[in-house]
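Here is what Swiss-Prot says about this protein:
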BINDING   His2, Glu3  Ni(2+) binding site
BINDING   Cys73, Cys76, Cys89, Cys92  Zn(2+) binding site
Amino acid sequence: MHELSLCQSAVEIIQQQAEQHGVARVTGVWLEIGALSCVEERAVRFSFDIACQGTLAQGCELHIDYRPAQAWCWDCSQVVEILRHDAQCPHCHGDRLRVDTGDSLKVKSIEVE
């Protein structure tokens, strides 16, 4: 379950930012999950709760935003959105795609008191 290590890294970033800015408590966190990141929402929510224990983010509300991946098609030279690794180009139906974005988990925003 790699979701736990991803969430631990995200919480470290959140904790560092909160401490740097003298925040008393983190009340909300917005994560962006790419379509090709291979993480499951239930596992992320469970892991995030565990990773937040004993931090300024403990008990905060978690918001998750899913983003499609972007890829470059070598056959028609178009940037396209894809949702799966085995996707074909929607323009030319080629399968020679280079994934550029959408395979990560990012902390997009935090809400604080």
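Quick reminder: no glycine exception, Cβ is built from N, Cα and C everywhere.
A map of Swiss-Prot features onto the structure.
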residue	record	Cβ neighbours (10 Å)
His2	Ni(2+) binding site	12
Glu3	Ni(2+) binding site	22
Cys73	Zn(2+) binding site	21
Cys76	Zn(2+) binding site	14
Cys89	Zn(2+) binding site	19
Cys92	Zn(2+) binding site	15
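Neighbouring residues of the recorded Zn(2+) site, listed in sequence order and excluding Cys73, Cys76, Cys89, Cys92, comprise Trp74, Asp75, Ser77, Gln78, Val80, Pro90, His91, His93, Gly94, Leu97 (Cβ within 8 Å of the Cβ centroid). A separation of roughly 29 Å, to the nearest angstrom, links the Cα atoms of Cys73 (Zn(2+) binding site) and His2 (Ni(2+) binding site).
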